[in-house]
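Novice: First, the structure itself, so that you have it in front of you.
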């Protein structure tokens, strides 16, 4: 065989052409993996997907409960009797009564249950009423999960375990038909509106909740601070006027005819509850439980705790307000930068080597200034400090700030999850209500819905171990499922409340990062 001439170029083997991945292969690579499965369990950023599954499963579960578990009559017939009196023309609240006593709820309750009176054939079609409450439960759960999705505070597995294991909550909604779930539905509608910046709609929803049951006022101190920090005093007065006007409109038929009877009956702050129904003070003698001194002491404790927690909560609201203003300022620029990055990716899609440099913004496209990028990093650090050690405890990568460009050139380079600042608004609001429950004169079984859906958030705000967090939730569920309540269940309930309040306070009273100072450092 002859030798190959030295000057003859050697043949270079052709580089194998990489075949494009099929859609199925991409889906398999992205979603069929242990990493993705773990993220569905532990990563709060995956909660939106899990929420869809939760709602679907809850629909099936609630239909099963309605069809297979016996309905228990407690207040439904009394509600119907009270509304029947109104529908017959009576506007004197002292004359509106049912089997369980006089009507003690504001006018919104009367209108809603009057509508249910007609819908359920004068209250006789209990099964239809149960399905209405299935809808109420699912709608409220959707609003609750939306807040949790925005805040990215609680892992999906916590929400799944908490929601599906509460027998008492499902019972209150679809087997008892109390008015508490309707009031709480309006409350969560208001919170969602506030988080979206729709203040007037939120005020309307909040006032409608109060018109169904007064317990919604437990959220009022924190919401007042939220108004002041975000809107200023003048606009706060306007929103309070909206709330007041709603009450006047709803109560007009009663206020124009028998005003004192309406105010005394529907907004009776001095009403004494019966000791036999109490969940939280079974260990007290009835004489002590019903004494005015005991009630005044609890009121004093309630006001004291609100004042003690007011300063850090106000700071949280201030930082929330600053972050929302930052979002409004930077989002147009971030979106413009991302559009420019996507355009460069489209133009340079020939190879991965060309696509990666394009993501760095070296071609002179419009991008964030150095100061703005520095501020975003400061924002991320501040948010991490306020979020505590959640991510470390769960062994999950942080999700506060997303920068997927490194893994996917077609993705946005800048993607700050500003909605995560929702944490700064939710904590004071949930805490205000929780303090009211801790200091409540009496808790009845249906009152569990007042704070059940905020418990995962409050518990996961603390720095307790996950084992202790779940123990607290388990013991609370035990207390609310013990019927009739016992000395032990009441003591355990108070112990859990105090433990949770201490855990929140220990973290809340630490130095809170001031985002205004972070902003100044970048200027």
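Here the Cβ of each residue, glycine as well, is placed from N, Cα and C on the backbone.
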Novice: If TrEMBL is the reference, give me the range from 131-148, 149-166, 275-292 marked as transmembrane segment.
Specialist: 131-148
Novice: Which bits of the chain, at least 6 residues beyond where the transmembrane segment (177-195) starts or stops, bring a Cβ under 8 A of a Cβ in it?
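Specialist: Answer is 74-76, 79, 105, 109, 112-113, 126, 129-130, 133, 136-137, 139-140, 143-144, 146-147, 150, 201-206, 208-210, 212-213, 215-216, 219, 223, 226, 419, 422, 425-426, 429, 446-447, 449-450, 453.
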Novice: Could you check whether the transmembrane segment (240-260) and the transmembrane segment (103-119) come into contact, where contact means at least 3 Cβ pairs under 8 Å with the two residues of each pair 6 or more apart in sequence?
Specialist: yes
